[in-house]
Amino acid sequence: MNVRTIADLGPDERAAFFDRDAGVDAVRDDVRDIVSQVHEEGDVALRRFAEEFDDVSVGNIDITDAAERAYEEIDDDVREAIEDAAANIRAFHERQVPEDWRDDFEGRELGRRFRPLDSAGVYAPGGTAAYPSSALMGVIPAKVAGVEHVAVATPPAEEVNPVTLAAIHVAGADAVYQVGGAQAIAALAYGTETVSATDIVVGPGNRWVTAAKAEVRGDVAIDFLAGPSEVMVVADGDADPELVAADLIAQAEHDENASVVAVTDDADLAEQVVDAVDEQADGREREAVIRAALDNDTSGVLLARSMSEAVLFAEEYAAEHLSIQAADDESLLERIPSAGSVFLGPYSPVAAGDYATGTNHVLPTGGNARVTGGLSVDTFVRSTTVQRLSEDSLGDIADTITTLAEAEGLDAHAESVRKRFE
């Protein structure tokens, strides 16, 4: 990782930062085949893929009972941490629950009604690292929304990570299945002999998971298509380079394809961050993953000519995680509307939101924060508009309705209004 100047970036260098994608094209055909086999063969396909991809011979696909046992068996301090994080996540998401309303609009009674989806499927990743926190982030908003049946799929293993299972139990999931990857998404979307089909499938995962979500979208709802983790730190000259570096390293350890970027208008800070990143990466448990992420074309320390240029770059980037470590952080925040989740000040590490502040860490990547937000109660709620008109209030707008209907050539629409006054 080295310092590059924004103004000096060539077209290809600049495009690397903004043309981030989930990398699904390379696996799309294989994923389509996996999804098709699960759809057609059910549990047989799930067991076959567990052998092929996870090197595991799966007995019971449904391991719901194992989640409760894991909760009892894990270390007390880990159990307490899970419960504390869950309480914070639940409290934050309870503030999001929408309320039905009806109002009078010149005699027309109009309103909105909110109802939860009937079922939801949550993917809790495994692979190179287990993510019990993702189980909390996916299940809790669904249960807060009132979803009756929430199922979790997590990759199979000789022993599925007990901390992940305990987190699934604490979150309140109704069913747990040991199935991973694209085949898990297909199972949650279409159902098998063991796995119940759900109305929506949510949760982060690798490019196979993301490609599968793209494949089933249309037959089932999804949250969004997420790619590798990313963070952008916008910092002024007063920022602590050690803290900036720590936040970059923390996201880099997720995935060798992660994107980690710092932007500053202070040349000294930029060089200090580069040095601090190199020092802090040394000796970390996932150092190889970290250094691979740091070497990506989508990672770097960028020097801006001014904070205004830094802000413009950050807004165009639309980071999954945006950390603002600057004296006027609130002012800068107002100028960067596009970000999945924002962390203000030196004592708001991105890791806090990843685990325990209560906000959700399932967030849009690849610039999609320009048009959508992260996982929330809204993800699991459907809204319906409601209207009741009296004879008088319908009469007030009858001419408007009939005139517009006839202008569109839909005379039956117009007649359906006139009939009420015959």
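Placed from the backbone N, Cα and C atoms, the Cβ positions cover glycine too.
Here is what Swiss-Prot records for this protein:
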type	residues	note
ACT_SITE	Glu320	active site, proton acceptor
ACT_SITE	His321	active site, proton acceptor
BINDING	Tyr123, Gln183, Asn206	NAD(+) binding site
BINDING	Ser229, Gln251, His254, His321, Asp354, Glu408, His413	substrate binding site
BINDING	Gln251, His254, Asp354, His413	Zn(2+) binding site
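On the structure: features taken from Swiss-Prot.
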| residue | record | Cβ within 10 Å |
| --- | --- | --- |
| Tyr123 | NAD(+) binding site | 29 |
| Gln183 | NAD(+) binding site | 30 |
| Asn206 | NAD(+) binding site | 22 |
| Gln251 | substrate binding site | 28 |
| His254 | substrate binding site | 22 |
| Glu320 | active site, proton acceptor | 30 |
| His321 | active site, proton acceptor | 26 |
| Asp354 | substrate binding site | 21 |
| Glu408 | substrate binding site | 10 |
| His413 | substrate binding site | 14 |
Length of the line joining the Cα atoms of His254 (substrate binding site) and His321 (active site, proton acceptor), in Å: 13
Rounded distance in angstrom between the Cα atoms of Glu320 (active site, proton acceptor) and Gln251 (substrate binding site): 11
DSSP-derived class (H/G/I helix, E/B strand, else coil) of Ser229 (substrate binding site): coil
Count of other CB atoms lying within 10 Å of the CB belonging to Ser229 (substrate binding site): 24
Rounded inter-Cα distance in Å - Ser229 (substrate binding site), Asn206 (NAD(+) binding site): 10
Rounded distance in angstrom between the Cα atoms of Glu408 (substrate binding site) and Tyr123 (NAD(+) binding site): 46
Spatial neighbour of Tyr123 (NAD(+) binding site) that is closest, considering only the recorded positions Gln251, His321, Asp354, His413 and their CA atoms: Asp354
Pairwise CA distance, Gln251 (substrate binding site) versus Asn206 (NAD(+) binding site), rounded so that it is a whole Å: 15
Pairwise Cα distance for His321 (active site, proton acceptor)/Asp354 (substrate binding site) [Å, integer]: 10
Neighbours of Tyr123, Gln183, Asn206 excl. site residues, C-beta within 8 Å of centre, NAD(+): Pro125, Ala153, Pro155, Gly180, Gly181, Ala182, Ala184, Ile185, Gly205, Trp208, Val209, Ala212
Rounded Cα separation (Å) that holds between His413 (substrate binding site) and Gln183 (NAD(+) binding site): 47
Gln183 (NAD(+) binding site) and Asp354 (substrate binding site), Cα-Cα, nearest whole angstrom: 26
